[in-house]
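Structure record follows, encoded as structure tokens.
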Amino acid sequence: MDVKIAKTAGFCWGVRRTVDKVMEVADQHRAPVVTLGPIIHNPQAVARFSEKGVGTVNGIGEVTDGTTVVVRTHGAVREELERAEARGLEVVDGTCPYVKYPQAMAQRLSREGYHIVIVGDANHAEIKGVISYSEQPCTVVKPGGPVPEIKAKKVAVIAQTTCIGAEFERVVGVLALRHKEVRAVNTICNDTEERQADARALASEVDAVVVVGGKNSANTRHLAEICRAIQPRTWHVETEAELGAAWFEGCRVVGLSAGASTPDWVVEGVAAWLRALR
């Protein structure tokens, strides 16, 4: 089977930066090292960190004194970081710089009197962190969902870094017709936009698509949605163990894309499995 791999498949710059930082901290510290939440949304990568002795906690309350805490790629809720500082814990900030941008915008624009609207998943760690930096209540609009009525004269719209651009545009358009002043700040990561454009192009050129990445990874799920809209024979898997040969009957070329948190070795494992098909 011929396999066409998307140019952008695998770790983005921000994730690779955080992964390298975790490995460096694990190698240099004798004291316990934990990440505040899964460092990235990929079970295989998290398992590798565990083998290095890096644990995972859900909150600072679970951390023992003397432990080094690494903030994950998606950032953390501001109050949790304040608790860590108050306890004198060593904190290594692995937050992606692109995630820090919507955090800063939420804080700055809320101080300027704007009601903050975030296009994204309210349950995602990144959005929880962004909300914590706003100094006023926020409204989170789920991609594809209705835009609620907001009682505010000034509205500022930002987005989850992995949001689909068309959804951000849709929400801004709806709000622009309702409010006298709407400020739109595009906080979607450039890598996300490039990866999604790459996925669209790939899906239009192949007989089937496999998107590789954690089932809990928002950007990977979005890639699968984008590909499936163009090529119905699209599957989202975490590893080659989930693949079935019958899926690819009649296919000559299979496209392979992967989320920003998918390790290279996982992508290669899926590619090797596909190439072995006859």
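Glycine too: its Cβ is placed from the backbone N, Cα and C atoms.
When HIS74, HIS179 are compared with the isopentenyl diphosphate site residues HIS41, HIS124, SER217, ASN219, SER261 in Swiss-Prot, the one appearing in that site is HIS74. Cα of GLU126 (active site, proton donor) to Cα of HIS74 (dimethylallyl diphosphate binding site): a distance of 5 Å. Comparing CYS12 ([4Fe-4S] cluster binding site) with HIS124 (dimethylallyl diphosphate binding site), their Cα atoms are 19 Å apart once rounded. Across the fold, the C-alpha of HIS74 (dimethylallyl diphosphate binding site) and the C-alpha of CYS96 ([4Fe-4S] cluster binding site) stand 7 Å from each other.
Nearest to CYS189 ([4Fe-4S] cluster binding site) in space, judged by Cα atoms and limited to the binding-site residues HIS124, SER217, ASN219, SER261, is ASN219.
Sitting within 8 Å of the Cβ centre of HIS41, HIS74, HIS124, SER217, ASN219, SER261, and not among those site residues for isopentenyl diphosphate, are the Cβ atoms of ILE40, THR73, ALA125, GLU126, THR162, GLY214, ASN216, ALA218, THR220, GLY259, ALA260.
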